[in-house]
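Straight out of Swiss-Prot:
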MOD_RES   Lys304  N6-acetyllysine
DOMAIN    423-607  domain 'C2 DOCK-type'
MOD_RES   Ser588  phosphoserine
MOD_RES   Ser593  phosphoserine
MOD_RES   Lys738  N6-acetyllysine
REGION    939-1476  region 'Interaction with CRKL'
DOMAIN    1211-1622  domain 'DOCKER'
REGION    1651-1704  region 'Disordered'
MOD_RES   Ser1685  phosphoserine
MOD_RES   Ser1706  phosphoserine
MOD_RES   Ser1731  phosphoserine
MOD_RES   Ser1784  phosphoserine
Amino acid sequence: MAPWRKADKERHGVAIYNFQGSGAPQLSLQIGDVVRIQETCGDWYRGYLIKHKMLQGIFPKSFIHIKEVTVEKRRNTENIIPAEIPLAQEVTTTLWEWGSIWKQLYVASKKERFLQVQSMMYDLMEWRSQLLSGTLPKDELKELKQKVTSKIDYGNKILELDLIVRDEDGNILDPDNTSVISLFHAHEEATDKITERIKEEMSKDQPDYAMYSRISSSPTHSLYVFVRNFVCRIGEDAELFMSLYDPNKQTVISENYLVRWGSRGFPKEIEMLNNLKVVFTDLGNKDLNRDKIYLICQIVRVGKMDLKDTGAKKCTQGLRRPFGVAVMDITDIIKGKAESDEEKQHFIPFHPVTAENDFLHSLLGKVIASKGDSGGQGLWVTMKMLVGDIIQIRKDYPHLVDRTTVVARKLGFPEIIMPGDVRNDIYITLLQGDFDKYNKTTQRNVEVIMCVCAEDGKTLPNAICVGAGDKPMNEYRSVVYYQVKQPRWMETVKVAVPIEDMQRIHLRFMFRHRSSLESKDKGEKNFAMSYVKLMKEDGTTLHDGFHDLVVLKGDSKKMEDASAYLTLPSYRHHVENKGATLSRSSSSVGGLSVSSRDVFSISTLVCSTKLTQNVGLLGLLKWRMKPQLLQENLEKLKIVDGEEVVKFLQDTLDALFNIMMEHSQSDEYDILVFDALIYIIGLIADRKFQHFNTVLEAYIQQHFSATLAYKKLMTVLKTYLDTSSRGEQCEPILRTLKALEYVFKFIVRSRTLFSQLYEGKEQMEFEESMRRLFESINNLMKSQYKTTILLQVAALKYIPSVLHDVEMVFDAKLLSQLLYEFYTCIPPVKLQKQKVQSMNEIVQSNLFKKQECRDILLPVITKELKELLEQKDDMQHQVLERKYCVELLNSILEVLSYQDAAFTYHHIQEIMVQLLRTVNRTVITMGRDHILISHFVACMTAILNQMGDQHYSFYIETFQTSSELVDFLMETFIMFKDLIGKNVYPGDWMAMSMVQNRVFLRAINKFAETMNQKFLEHTNFEFQLWNNYFHLAVAFITQDSLQLEQFSHAKYNKILNKYGDMRRLIGFSIRDMWYKLGQNKICFIPGMVGPILEMTLIPEAELRKATIPIFFDMMLCEYQRSGDFKKFENEIILKLDHEVEGGRGDEQYMQLLESILMECAAEHPTIAKSVENFVNLVKGLLEKLLDYRGVMTDESKDNRMSCTVNLLNFYKDNNREEMYIRYLYKLRDLHLDCDNYTEAAYTLLLHTWLLKWSDEQCASQVMQTGQQHPQTHRQLKETLYETIIGYFDKGKMWEEAISLCKELAEQYEMEIFDYELLSQNLIQQAKFYESIMKILRPKPDYFAVGYYGQGFPSFLRNKVFIYRGKEYERREDFQMQLMTQFPNAEKMNTTSAPGDDVKNAPGQYIQCFTVQPVLDEHPRFKNKPVPDQIINFYKSNYVQRFHYSRPVRRGTVDPENEFASMWIERTSFVTAYKLPGILRWFEVVHMSQTTISPLENAIETMSTANEKILMMINQYQSDETLPINPLSMLLNGIVDPAVMGGFAKYEKAFFTEEYVRDHPEDQDKLTHLKDLIAWQIPFLGAGIKIHEKRVSDNLRPFHDRMEECFKNLKMKVEKEYGVREMPDFDDRRVGRPRSMLRSYRQMSIISLASMNSDCSTPSKPTSESFDLELASPKTPRVEQEEPISPGSTLPEVKLRRSKKRTKRSSVVFADEKAAAESDLKRLSRKHEFMSDTNLSEHAAIPLKASVLSQMSFASQSMPTIPALALSVAGIPGLDEANTSPRLSQTFLQLSDGDKKTLTRKKVNQFFKTMLASKSAEEGKQIPDSLSTDL
């Protein structure tokens, strides 16, 4: 195989197919992956992925597209740069970055944004292809670049990526080659642009914002139109007149573009095919702001009078007849809102003339109003909006606008009239006429023939232009309307004649009737005429507007004789004025007379740069004709309309300077001319004429020629200044100062021309005059007269504008000196704001770019800045002044940044010495939300950036004393730290932030050198300074903008390549500075532990290795000082918690910390053991903290609670009270979020254990986190108790609440003697007692959960927990929630503990099953009648032991009687703490397993059955309204052998000689079982007796059957096992049931077990059901309480039926056959009594001599009868709507005097006596451990 060789040209490639690597050396690729190629061999490359450089390997060449690159070598590294254009590279990078975000948006289901990004990416991909094609014309490429950059910037903004700053050409600015100030301004501009862009994107009206912004920013615009085709069935030649039209004003606003179309459907001139292009130019912003603009096309047919006429020979040809119009609304295209593309074709539908009185102009209005069907006829055009005038667009769009493109100008002047734009166009519009028919029978077909005639009547050739693109003609013939009395032509033509001919020409209009027949038409002559002169007698042109002309009649030959009509009036108003002396038709001369019945009107518009319509202006322009009126005309100029003046700007200025030049020896007109010049300059300064600035500039440079004007201008100006300085009145001075810029331009230009003409003659005199002129200005500035204040402000504002020009003819240094005097002569506190603004203008001038000028000007500027910045002024003024100050300083720094360093050294030094500290203090005192803060910070950054090493050294030496230097360094460090912590720039200004960081880093290191030199020695050591340094450095290293790992790959590389990893540099500096401290280190322990820890946690390996040893140095330092390092240890534990919770730290850090510290300790044996202990401590804490952080974002709050408790225990074990309490409250908050009020109370209770009932002040570490006010132990404990009691109340843990209430009551009664609080407390206790008795508390289920496998976090891995379920929570629901938390986990279907293979497997395995709580005995309830409401609470609370029973088969199985071989395997669990507690679950700390024999199982089952019977008897005795069905089911299931088989199976299994013989040790158990069977008979008898009383008639047969079965059963049992007797239950009083916790527990009313378990536990399982039942023992479930009405006397609490869980809890009353399958079927919630006690639930210790040891404490002391309980019964008929979950139920309270109380006592005494006889026999079998208290 060929060897691998280094890749030469093939260095950079992109994967174009997916490649799946098959082995280790092969690198898998996806389409689009960018690879760096290192070596090549045959068909393979070796390299790595650009995004993941660690992924290296080989890949086939055919899968890679090679990209051209250039290799740039920097130091020892090669930087490979793609060869494609930068913008294409940027698009590529952007697509990578957006692509990643695009996928994330999809995952996050953000559909709208996902589609938006997708659309933008498609656009960028398409534009990238166009960029790379290299085929775009220059203008299109420029526009495309703008679109691309705009789209990228917009996309980055909405995706919250970094802002990209660009230059004017759209290229990304390089911070290395851009000044800080320029970079800052570029960020500001980019932000503003994007903000505007986003506004436009949100507005659907302006989609093409880039074009819109370009259009709106230019004063002149053009519309390019290309006529592609004209589709229309005419059959004759046609003329197409296209123009722009304003429909609101109903006026045409441009010249017509004429296209002559042939009858065959082609242009008449075939070379014009595909070349019909026109540009409508001179459009200004006013035109763009019109509401509507239409492109209209008026079509005139040229041919016969009527198209329908046949016989072409007889018809008149060549008539211009109206045919139709085409109209298109182009408003959006004009304004740049709609797409403007020269390739997109637009169809303009054609609308024909339908009647003769449909004038083309009138038809436009109709077409606009109605959108009719054109039938496919119309005009096809493409159009594009172009920016600029005709000269500009010829340069910018050469492919569109070439020599063949026709130019159609605007009707009127453009907004800017350039000096070279000589124009003399007069637009004549034929408006309308009204012609009498006289002797004709029909109305005439009038044709107007217009021509331009000289004085002698001869027609001027080629003077009329019908439309742009057409040749000039001698005469114009109008459209002919057939037999219309009042034709309205509205046809516009242009008259263009030389200016010198204007005075002698006039327009002549001939009117002729045109006949449709050629023969008649030849005989027709002109029947009338009109004329009008274009110039008036006073030399002005005809006024724009409408003109009613006189119609002259007479001899047609005379009409061509000018002498015949020129003496007659041409306007109708002239005739009307003479009407008193002349008759209506008598005005005639030479055969022509005025027709009073005929009317003809025209309108004119003069667009001439040479002819004016103003008499005053004309007088000035022609001043030589009447020199005696010169003074008057000069004075009149000020009242001439400004528009007229600027229109003739060049001629007016020429006239003024000619007057000045021709009177050079006299000063007679100097002031008048000067004032006139000032007036004109002032006009141009007006906003209305601001665009004429360019005209004036052009005039001065190209047309101005008055070489002596400068002398006169300077003289008059100095006179004005001197007059004003003396406080005398000088009215024009303010206008003069405002016009100062152009006055000096004229002065300088005049002097330049003079100097060129006379080769520098009189230079000294000129400079002296200029110096005296500036001295006059300075004298004005010194003046103290009130009248001069405004003038001084004006001078400050306008003086800088003259510098550019003065500098050309005057010594720059001298000029600078004059300016220096100009500013220094103003009093220090006067006009400061204006001075600063003026100085800013000077700084931006060319003058300031010269070193010698800066030497003079900079000191005065810095002095002014310093004074102004240090002033204390009111806020509003301060903001303005500071704004001007920072602008000025920015301008100075900007200028200096682009100069050679050698020429700016002293200037930077000047700024540094004078202003650095002032700027720093301004930043420090300025609020971070101040509008100018970012400007000042940028300014400060720029100063520091431009300071060299020598500057730093020099600046340090400027401080006179050490304390001053320390103050400066402290200020700077504090400011830097504050700016790093609160960045003044927006978050997306990445470039600006990084440049600031780079500058700050250099400054910090420079100042650190100063600290080493001056403040390290013991005598000079400055602790606070060093402390500030370390805190600043750590703040710098840990700031978000430097954490590269958090950034995208593109951003990571961008920062690393441009700025490097600044964290390493500062980190190494911190290390070095620490080790230099020597003996001073101890001062920084423990203060610096936290910051150093924060630094070491940065995930950068080299940095960690360099800085972690500092920890050991700290430990060693403290150990040597005090013999231990407790301070360090305490601080590290405190800070570590905070840092890891904040997201810092990882497994690698933990390992690195351990290895480095142990390595360091190995070199110091005396401290090694302590270090090892410390490392173990920190490692344990880190593990727990990382676990905690790992679950903080987890949806599972359970995991968060577990980790919180782990940390609690850690801090408790290590006596960290403050941290312990902090996490207590975190745990409390988590519980409250989950409504775990009980657990929240227990959590808060832990805090109270740290407090005493004393009045001493609480230490800070035992206060609640964030608590402000100091409290005593008693106050805090009392407050906490009240909160906890509230939580216990919400969690229905009233027993606990009462306990705390009692403790509080004791304090109120015995310690603080606050009886008012005591009374409230006792009321609260009473309420809790009442709640215990009246409010239902559902019993929670408990679940064992095992987490097996290495996939779980350490706090769960291979551990078992017991969970306390929520109210009514089923195992299925709990398990589903559990699996949701661990979606990748596998559910285990077995309940046995898994083997090591599962525990060590990499996956996750979850085991979940229900367990039963085991109660501990409560001694205080022994031998006392306790209500079941009290007892039931303890059945599922305060429990720490649980068990799970599972049936197993042993020995031979008898298919007819499986009980004999049915053994129970019982697993017992002991948790770390009792439940409920601070968690809803606790880890199992001990597990054991026992086995229960079939006989013991039978005893348990019989005990359960007896308990159920007794419980139900109690229920029915207590409530006579209960339904009978449940009792029927229970009794029938036992007495009828057909249903369940009764206890016959026990007899077959155990009561045999064979069993007794084989199991002699079970004799006592057999006796016990027989005793239970015997006791069942009286219980059944009592139940049947109750049933007999309650049974309805329809169930009487059922009862009789059941009674018969019972008699048979009774006989059999009493015969076999003896007789048992009970007292008569009829005598028992209806009251609250009570329990005796002695030998047996009496009937219970509320059974919590029945509340929260499934109804699936039969009392006596069959062979089919036993396995399932014992594997998951459950009890019936009830959803909610049902209150008893207040008036009821029922003593029990009832349950309301659930509507939602009918399928699980509601079963109908079953027949006997169905009842055979179960001893108790589930019924409707209202009709079912549910057992809450299955004795198998409560057994936790294996039987030795008695089954009782397996029972709950309530039944463990019972010798012969098992513990019995009754479940809660539902009461039918109660209104569920009134139920409240917390509603207390009313119970009948029985007084001691009740006469039935004795009956109850007798019953209780009976049970005591009956059971006492057995207690001696069984008592010895009860383990002592079970009799202990809770």
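Backbone N, Cα and C define each Cβ position, glycine as well.
Describe each of these features in terms of where it is and what it packs against.
In three-state terms derived from DSSP, Lys304 (N6-acetyllysine) belongs to neither a helical nor a strand segment and is classed as coil. Lys304 (N6-acetyllysine) counts 22 other C-beta atoms within 10 Å of its own C-beta, drawing on all protein chains shown.
Secondary structure at Ser593 (phosphoserine), as computed by DSSP, is strand.
DSSP assigns Lys738 (N6-acetyllysine) to a helical segment in the three-state reduction.
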Tell me the Cα distance separating Ser593 (phosphoserine) from Lys304 (N6-acetyllysine), rounded to the nearest angstrom.
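Computed Cα spacing between Lys304 (N6-acetyllysine) and Ser593 (phosphoserine) is 33 Å.
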Are there any residues in the same chain, six or more apart in sequence, whose C-beta is under 8 angstroms from the C-beta of Lys738 (N6-acetyllysine), and if so which?
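Expected: Gly682, Ala685, Ala794, Tyr798.
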For the domain 'DOCKER' (1211-1622), report the average pLDDT of the model, please.
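Value for the domain 'DOCKER' (1211-1622), mean pLDDT as a whole number: 89.
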